[in-house]
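Undergrad: Quick paste of what TrEMBL says about this protein:
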type	residues	note
SIGNAL	1-19	signal peptide
DISULFID	Cys40-Cys233	disulfide bond
REPEAT	89-141	repeat 'Hemopexin'
REPEAT	142-187	repeat 'Hemopexin'
DISULFID	Cys151-Cys156	disulfide bond
REPEAT	188-233	repeat 'Hemopexin'
DISULFID	Cys190-Cys202	disulfide bond
BINDING	His238, His282	heme binding site
REPEAT	249-293	repeat 'Hemopexin'
REPEAT	294-341	repeat 'Hemopexin'
DISULFID	Cys350-Cys392	disulfide bond
Amino acid sequence: MELITRTLLLGLALSLTNAAPAHQDEPAPEDGDAALPDRCEGIEFDAITLDESGKNPFFFKEGHLWNGFYGPAKPSTMFFKELDEHHHLGHVDAAFRMHNPAKQDAHDHIFLFLDDHVFSYYNHTLETGYPKTIQEDFPGVPTHLDAAVECPQGECITDSVLFFKGQDVYVYDIVTKTVKTKTWPHLPLCTSAFRWAEHYYCFHGHNFTRFNPVSGEVSGTYPKDARNYFMKCENFGHGGDHKAPKCSEVKLDAITTDDRGRIYLFTGLNYMRVDNRRNGLHAFPITRGWKEVTNGVDAVFSYTNKMYLIKDDQVYIYKTDAHYVLIEGYPKSLREELGIEGTVDAAFLCPNEHTVHILQGHMIRDVDLTATPRVINREIPLPLPDIDAGLCGPDGIKVFKGSQYYLYESPMILATSRIAPVPRNITSGMIGCED
């Protein structure tokens with residue numbers, strides 16, 4: 001199962017997120033294009049940003065850019081033609097895409113920074129009134145920047161943009177237009193910054209370092225060579241030739257939806273995140289999001305901006321304000337936190353309700369999360385035992401068992417039905433496996 005899990009996650013990360021499709025070769029420059037820069041030579045990017053759709057990145061280097069994770073360099077003016085009309089410097093200092101529906105005048109615009117000016121593009125067209133001085137659009141932000149990256153609320157404290165200059169980081173609040181300055185001397189000097197799948201990367205030379213956008217903390221072994229992760233180069237890569245397993249081989253350990261509507265699927269030591277509003281499906285080790293949970297999970301549910309992760313007889317509760325932070329005093333025992341004994345097969349909580357449904361073997365045990373202390377207030381025999389995972393949503397309740405799931409209209413029907421509905425197969429559209 002561990003091999004299947006690792007292979008599944010790799011297939012997801014490469015094929016479903018548009019991320020670094022390492023199975024595709026970087027096409028060689030055509031005749032006459034030999035002078036184009038080659039990112040496989042280990043160059044340092046000037047700026048990186050997502051395009052207006054949020055699906056593909058632009059990598060800038062002097063007067064050229066790469067549109068996507070593979071392919072040859074092209075002149076920047078093919079995509080942002082006015083750049084050459086306003087300057088002849090052949091570079092972009094910093095860039096970011098603003099994804100903020102509350103600011104319709106700037107939503108999904110791409111901002112490019114050059115010396116002391118900023119350019120705003122929408123549909124590859126320069127907006128009226130631009131370029132402007134940086135101070136006009138972003139008061140308090142310095143000129144001649146090194147890098148910039150958007151940081152939405154939930155990942156940062158407020159909807160923000162992080163601007164880098166030297167070892168200083170200027171956190172610009174999009175709503176209040178105020179700036180707070182931080183100094184992160186432990187972070188390399190970032191010549192570009194990139195947000196991908198809620199993770200933040202500081203690029204320096206041909207390397208990158210992943211960092212926490214609130215604290216600047218670096219976790220894990222860094223720096224890493226960008227050619228192994230963000231492009232396809234000969235003699236580089238990290239196993240992109242693996243294929244996703246058959247859907248008949250997939251088994252979930254847990255599944256939940258958070259308060260922002262994102263679905264999390266857990267299998268083995270890893271998890272996948274489904275986000276229909278942004279970049280689709282992503283795969284990471286569980287310890288990257290919940291570092292104290294080191295041995296997988298048995299069940300997960302979300303309630304009032306908190307996520308409950310259950311493993312064996314322990315409950316870990318995390319705040320979800322900006323990154324997952326373990327609440328002080330946790331983990332606690334299942335008995336102390338939820339008033340139940342034994343291990344848990346699955347758990348789910350329906351939207352706008354306060355009762356968590358705990359599935360244990362042949363029983364459903366309901367616990368009122370508003371009660372103190374929490375105790376079991378109802379026990380009902382479960383007609384479909386040994387469930388792996390459960391999820392309650394607008395279309396009903398899905399309970400997963402092996403590579404199949406069963407759909408019920410409500411918790412009551414799940415508990416009282418004596419005939420199980422026809423099982424449905426997990427599909428590639430749900431998990432990223434091969435049908």
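The backbone N, Cα and C atoms fix where each Cβ goes, glycine too.
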Undergrad: Rank 89-141, 249-293, 294-341 by Cβ pairs under 8 Å to the repeat 'Hemopexin' (188-233) and hand me the top one.
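TA: Of the candidates 89-141, 249-293, 294-341, 249-293 scores highest.
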Undergrad: If you measure from the Cα of Cys190 (disulfide bond), which of the disulfide-bonded residues Cys233, Cys350, Cys392 is the nearest?
TA: Cys233
Undergrad: Sort out for me which one of Cys40, Cys156 has the most neighbouring CB atoms within 10 A, since those are the disulfide-bonded residues we care about.
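TA: Top count of Cβ atoms within 10 Å goes to Cys156.
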Undergrad: By CA-CA distance, flag whichever of Cys151, Cys202, Cys392 among the disulfide-bonded residues is nearest to Cys40 (disulfide bond).
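TA: If we rank Cys151, Cys202, Cys392 by Cα distance to Cys40 (disulfide bond), first place goes to Cys202.
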Undergrad: Minimum Cβ neighbour count within 10 Å among the disulfide-bonded residues Cys151, Cys202, Cys233, Cys350, Cys392: which residue?
TA: Cys350
Undergrad: Have a look at the disulfide-bonded residues Cys151, Cys233, Cys392 and say which one has the shortest Cα distance to Cys202 (disulfide bond).
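TA: Of the disulfide-bonded residues Cys151, Cys233, Cys392, Cys151 has its Cα closest to that of Cys202 (disulfide bond).
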Undergrad: Distance between Cys350 (disulfide bond) and Cys156 (disulfide bond) at the Cα atoms, whole Å?
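TA: Checking the Cα atoms of Cys350 (disulfide bond) and Cys156 (disulfide bond) gives a distance of 28 Å.
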Undergrad: In the repeat 'Hemopexin' (188-233), how many residues does DSSP put in helix, strand and coil?
TA: 3 helix, 18 strand, 25 coil
Undergrad: Can you give me the Cα-Cα distance between Cys233 (disulfide bond) and Cys151 (disulfide bond) in Å, rounded to a whole number?
TA: 30
